[in-house]
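Asker: Pasting the feature list from Swiss-Prot:
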type     : residues : note
COMPBIAS : 292-302  : compositional bias 'Polar residues'
COMPBIAS : 322-332  : compositional bias 'Basic and acidic residues'
COMPBIAS : 353-371  : compositional bias 'Low complexity'
CARBOHYD : Asn88    : N-linked glycosylation site
CARBOHYD : Asn242   : N-linked glycosylation site
MOD_RES  : Ser289   : phosphoserine
MOD_RES  : Ser342   : phosphoserine
MOD_RES  : Ser345   : phosphoserine
REGION   : 279-383  : region 'Disordered'
TOPO_DOM : 1-27     : topological domain 'Cytoplasmic'
TOPO_DOM : 49-242   : topological domain 'Lumenal'
TOPO_DOM : 264-383  : topological domain 'Cytoplasmic'
TRANSMEM : 28-48    : transmembrane segment
TRANSMEM : 243-263  : transmembrane segment
Amino acid sequence: MVNDPPVPALLWAQEVGHVLAGRARRLMLQFGVLFCTILLLLWVSVFLYGSFYYSYMPTVSHLSPVHFHYRTDCDSSTASLCSFPVANVSLAKSGRDRVLMYGQPYRVTLELELPESPVNQDLGMFLVTVSCYTRGGRIISTSSRSVMLHYRSQLLQVLDTLLFSSLLLFGFAEQKQLLEVELYSDYRENSYVPTTGAIIEIHSKRIQMYGAYLRIHAHFTGLRYLLYNFPMTCAFVGVASNFTFLSVIVLFSYMQWVWGAVWPRHRFSLQVNIRQRDNSHHGAPRRISRHQPGQESTQQSDVTEDGESPEDPSGTEGQLSEEEKPEKRPLNGEEEQEPEASDGSWEDAALLTEANPPTSASASALAPETLGSLRQRPTCSSS
């Protein structure tokens, strides 16, 4: 029909469509690989930061209940106990992981819940002792602190009871005091003698208590202080640093593997070729010229422009480039043995052997024609 497009235009459109489709697929594949690589690097960065945080940051706070025990084999008619209350607290998580980290200062406190009973108010001051021990039960540290209830007058107690009477009736409040006894203000773990437990003893046989807890709180300084007080900022900086470092490594590896633009290898291969050429010069067999029958063999020596014969022809030829080397043609009936070069880009010329110098009789018998037939090998001066 008249309105139909020409066939070459359709073919051109199909080819352009195939080319564009191929480029689109290639571009999508490249974007997919790039997205997966970035996602993998991000995951590795988060994993590295999490591993560092878990291994570097110790336990911030550890709270362990303290269960006191005492002897009961004495006379029960008295109101006092048979012995001082004693408790043994283990400083290990699940019996394996230690709570304390080497070199980290800790604040160790004992929290006592004491009722405001007349017995406790009449106690006055009493002593609390803690003894830390290591493996085998050996004591490595001991500390003692004195404690007493806070004083409250009779009028203050009556007003407090009237004010919180409704809460006291329904059990939402209690008439008790929570005493916090600081046993260690700066306790540091010894790496050679680790602490495995603590023995707590209250030096009072008439004390009454609801419960007790041993709290260990880490006192951070330096980098640990920043990681604990600014966790989100430190996490962002740490993950970004890891991601940047890994991205640079992957980028340089890709450039070296695909392009080879960072560390080109042609210089190294050039040095290897030069060394192989020098070795071939020293180890190549020398050329032996042979003349036709009826002609006497003569010695061909390299003559420089100054008229001096060089001792090492290979050193002179090594300074010539491929364009400056003269083209050599063999004599009539001459058989040449040219060694193959170690690299195709370098062509080494064979060297002539130095024959023994002729005697005076043979030198005088040489005809002018023979001397004229000798062709000297042109070489460039080393200067």
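Indices start at 1 and increase along the chain as displayed.
Heads up, the Cβ atoms here are built off N, Cα and C, so glycines get one too.
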Asker: Please report how many Å separate the Cα atom of Asn242 (N-linked glycosylation site) from that of Asn88 (N-linked glycosylation site), as a whole number.
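Answerer: Cα-Cα distance, Asn242 (N-linked glycosylation site) to Asn88 (N-linked glycosylation site): 45 Å.
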Asker: Can you work out which residues elsewhere in the same chain, 6+ from the ends of the transmembrane segment (243-263), have a Cβ less than 8 Å from its Cβ atoms?
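Answerer: Hits for the transmembrane segment (243-263): 37, 41-42, 44-45.
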Asker: Within 10 Å of the Cβ of Asn88 (N-linked glycosylation site), how many other Cβ atoms can you find? Include all protein chains, please.
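Answerer: For Asn88 (N-linked glycosylation site), the 10 Å Cβ neighbour count is 14.
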Asker: Restricting to the topological domain 'Cytoplasmic' (264-383), what is the model's mean pLDDT?
Answerer: 46
Asker: Tell me, by DSSP, whether Asn242 (N-linked glycosylation site) is helix, strand or coil?
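Answerer: DSSP call for Asn242 (N-linked glycosylation site): helix.
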Asker: Please give me the CB contact count at 10 A for Asn242 (N-linked glycosylation site), counting all chains in the structure.
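Answerer: The answer is 19.
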